[in-house]
Amino acid sequence: MGFLKLIEIENFKSYKGRQIIGPFHRFTAIIGPNGSGKSNLMDAISFVLGEKTSNLRVKTLRDLIHGAPVGKPAANRAFVSMVYSEDSGEEKVFSRVIVGGSSEYKINNKVVQLSEYSDSLEKLGILIKARNFLVFQGAVESIAMKNPKERTALFEEISRSGELAQEYDKRKKEMVKAEEDTQFNYHRKKNIAAERKEAKQEKEEAERYQRLKDEVARAQIQLQLFKLYHNESEIEKLNKELSVKNKGIEKDKKHMDKVEEELKDKKKELGKMMREQQAIEKEIKEKDAELNQKLPQYIKAKENPSHKIKKFRAAKKSLQNAQKQYKKRKADMDELEKEMLSVEKARQEFEERMEEESQSQGRDLTLEENQVKKYHRLKEEASKRAATLAQELEKFNRDQKADQDRLDLEERKKVETEAKIKQKLRELEENQKRIEKLEEYIATSKQSLEEQKNLEETLTEEVEMAKRRIDEINSELNQVMEQLGDARIDRQESSRQQRKAEIMESIKRLYPGSVYGRLIDLCQPTQKKYQIAVTKVLGKNMDAIIVDSEKTGRDCIQYIKEQRGEPETFLPLDYLEVKPTDERLRELKGAKLVIDVIRYEPPHIKKALQYACGNALVCDNVEDARRIAFGGHQRHKTVALDGTLFQKSGVISGGASDLKAKARRWDEKAVDKLKEKKERLTEELKEQMKAKRKEAELRQVQSQAHGLQMRLKYSQSDLEQTKTRHLAMNMQEKSKLESELANFSPRINDIKRIIQSRDREMKDLKEKMNQVEDEVFEEFCREIGVRNIREFEEEKVKRQNEIAKKRLEFENQKTRLGIQLDYEKNQLKEDQGKVQTWEQSVKKDDNEIEKLKKEEQRHMKIIDETMAQLQDLKNQHLAKKSEVNDKNHLMEDIRKKLGSANKEVTHLQKEVTAIETKLEQKRSDRHNLLQACKMSDIKLPLSKGTMDDISQEEGSSQGEESASSSQRSSTVYAKEALIEIDYSDLSEDLKDAVADDDIKQEMSALHQKINEQQSILQRISAPNMKAMEKLESVRDKFQETSDEFEAARKRAKKAKQAFEQTKKERFDRFNACFESVATNIDEIYKALSRNSSAQAFLGPENPEEPYLDGINYNCVAPGKRFRPMDNLSGGEKTVAALALLFAIHSYKPSPFFVLDEIDAALDNTNIGKVANYIKEQSMSNFQAIVISLKEEFYTKAESLIGVYPEQGDCVISKVLTFDLTKYPDANPNPND
């Protein structure tokens, strides 16, 4: 196998000038410090082997010239040449030159194209695109971290199967689309064939159906003309009769108008009174709410002063104690100041006396000059003789002074300890007083808390009783409301019904005489058995409110809106348009008019009842109701006793489950009693709600009790702490100080005994010294006339000592008194601060109590005023209520007069109503006939007007129409009256039928003929009338689809062949590479690991087309169990990645392998294994050129190429070579 012999570089990256690098051995290591240009050498090898510029860490080719990145290129060209030695010994030189901004390729100094250059390298086994000759820095770690899909991409790159990926995807899409088109055209062809067969059958059925349909249309026209002809004849007859009757009614109506005018005036007066009464009621409610709102405020204002007074008393007592303590301490301080003045005065007197004595004695003890000299000479001689004694005495004096200082210190400590004991006694006294105050406050708080608890229990009991009673009342009210209202009305509905009843009473009071009440309250079925049927017919009108006029209705609606009430239905008597009752219906057997089984009062609400009931009939059973509704030539609205309702339109509605509950409302006596019970319960509920409102007061009391409880808790805690901690601590400290004080006396006595003992010894020494002095001063003493020299000296020295001692006593007294005075001053200042604090607290509490009392009085005044105003309003309400009752009695008399007049008019109107009802029914019948013709598309022959003039509105029963619907019906009937029908096509035999029996017989015959023809049509399912056109269209589409299917089938076959060819080529490329790598990887991994137990596996996730999914790579490290790749250690992962790298290289291997720092992630153990493996492989399989920084690795190489930097404008790389074959390896066997 050939190998890379030399590399020649000129001005490439960090290599300035021309440099020859090599020769390269079978295993060469490139070493050098970081930044020296090692990787640039690898870039040079990559460059000469045709690598892209983007992979050489630069943007353009010019940047590869030395110095170009810093703007100082060393030349305008650069090149790299590679000398390759083949097995035969022949050498080939490959060069790549940078000229300007492009590359120039040469083989043996001959310029060639890139393709030829690449082909020559491929013949040597160097694949530029696959880069099978080099491994960049960090590639090992990258391979170790790859997931299965990324490994697949790596194999696609190595095997060059990825070059076919785009063509593969393109041809696969073309194949799938072609197959889908083929399938689509096949199903389309199949469906159109079925359509063609179906279209033939439809054409035959359509022709037969049209013939029958024409015959039915002609028969229907005859039937409708027959009905309309006789309907118009009857309408003309009834119009003449109605005109005669109406003239007789006008006269009687004038009398009624006069009585109604009188009633209207009285209504206005009553309305004014009712509004005044309602205004007073509103004010009473407002005042009651205001009182309930202000009562808790008054209770709170009443409670606040009592708590503040307790606090004030406690503060006042604390002030008195503080003042008492301040006065006592002030007296103690005054005593100390007096004592200080007394000591100062005694000191001054002593100083004056000493001055006088000094002057008198000074004259007596004056010596002559020669005597003084003699005294000093003799004194010096005496000192020399008694020197030993003097030294001993001096020692005693020093010891005596030290003990005296100790004595003074102990006595000072004793005085300080006594002062501290006094301070602790005062603190004990203060703590004792604090305990007394806390105990007093706790007792008071407990008493207050007990009172609050009692009040809370009382209020809680009242509120709970009120709540229980409210629940009981609500439960009873619910039962009452369920009986009064619908069975569907739930617990919330009862309050809604109550609200509606209140509004009803209000509008009755506001508009007396104009608002009659709800329809259900003004009428009653004649027998109980009719209750369900009447309830069903009245329906939603059952709760409608009847008023005298439209204006009253609108005023009531406005009032309900203002009161935020629920929507209500109003029936104004002057606005309703009612169809006359059809008198013929009273003659039907087995049925009665619903209006005939209802009693109503007052009489003038009949119009509203006619509007609600219409011409509805009530029957004993469902069969009769159905027969009468649909059995005759004319339909009727009927209802059975069980509530089953049959509409004219054909709609049937059964008796709902709640109908019986609604029907119970007719029980008048039960309703009255229930209403009375409801009113009584409502009043009681109001009273209990007042008691329940005390919840606010209860919460206030609970809050105050909680606050008191917390303060009591803190006070008890403070008391406990004061007793167990502060008091005990003070007692302990006092005991400790007393113990210390007791120890002072023995110590002081011991020191005094030592001092006294030493005094005796010092006296003895002094006497000895005196004897020596007496011997020396004997003659001198006789001369000056003293017994001994000490008399002379004591006169002067003793006096000075006594004076100094006395002065020291004075100073000690002043110091002691000053310390005590300063302490007392500080304590006095603290006591004065306490007095001021408590004085401020007392003053503040006093002011707050005054404010709270004023606030309590203000709230009490407001409550009294509010209660007085409330009582005054109640008195006004009683007076106004009495006036309203009187006015109501007067109006009742007028209503009776009006009722009598109305009965007379009603009697006269019955005949007119009967005629109007018949006439209206005939008009409705004509409208229904015309409408039926229009809806059924029956073309009537018309001499005036068109079919478009016929209204689409359905003629309904009176009970179902609203006022606006009645107006629209009249307009429709008037418009349709202008339509003239041409009866020339109607046979004369049908026109001549006059008697009812003849008309019924002819009509029955026409109906039977039509029914027979329609029966035949119904048995024939409606055909497609455009069947012929459909058949022609389907034939054309079938031929077109057949052609498209054949073309799509050919395209699919061609696309599949092309795809299979690309798929096979891609699979062959990929599989050849994969099988090679999979076969070699286990052996390579064992060799790298130096252990035959190591195992490595490669497996595709998709064996059929492995390049579409991932490739799994797993290794079993030596001496370990199988684990996923992610769970291997860092070193194990790196070795596994190298095994994969070398296995990939084994597929179409290049003659040399350049590796950049593959040992970076290896530990010392694995470095040796990898280095030995590369050394083995380099002997037989490939030449290895490795960049390395680790000694353990590059020492295994046959030669070293050292790269070192020199500094210039930019780094300049220099190269050294070193042949290691001359130096035997310490461990030459790579298997060890």
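Glycine is treated like the rest: Cβ placed from N, Cα and C.
Just so it is clear, the model here is predicted, and its values are computed rather than measured.
Pulled from Swiss-Prot, these are the features on record:
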| type | residues | note |
| --- | --- | --- |
| BINDING | G32, P33, N34, G35, S36, G37, K38, S39 | ATP binding site |
| COILED | 163-503 | coiled coil |
| REGION | 350-369 | region 'Disordered' |
| DOMAIN | 515-629 | domain 'SMC hinge' |
| COILED | 660-935 | coiled coil |
| REGION | 947-970 | region 'Disordered' |
| COMPBIAS | 953-970 | compositional bias 'Low complexity' |
| COILED | 997-1068 | coiled coil |
Average model confidence [pLDDT] within the domain 'SMC hinge' (515-629): 87
Environment of G32, P33, N34, G35, S36, G37, K38, S39, the listed ATP site - residues of the same chain whose CB lies within 8 A of the CB centroid: V1203, P1205, S1213
Binding-site residues compared (N34, S36) - the one with the fewest other Cβ atoms within 10 Å: N34
Residue among the binding-site residues P33, G35, G37 whose Cβ has the most other Cβ atoms within 10 Å: G37
For K38 (ATP binding site), the three-state class that DSSP assigns: helix
DSSP-assigned states of the domain 'SMC hinge' (515-629) in counts, ordered helix, strand, coil: 61 helix, 22 strand, 32 coil
Cβ contacts of G32 (ATP binding site) (under 8 Å, same chain, 6 or more positions away): K38, G1202, V1203, Y1204
Cβ neighbours within the same chain of S39 (ATP binding site) - under 8 Å, at least six residues apart: Q137, D1156, I1187
Neighbour tally for K38 (ATP binding site), based on other Cβ positions within 10 Å of its Cβ: 24
Where P33 (ATP binding site) falls in three-state DSSP terms: coil
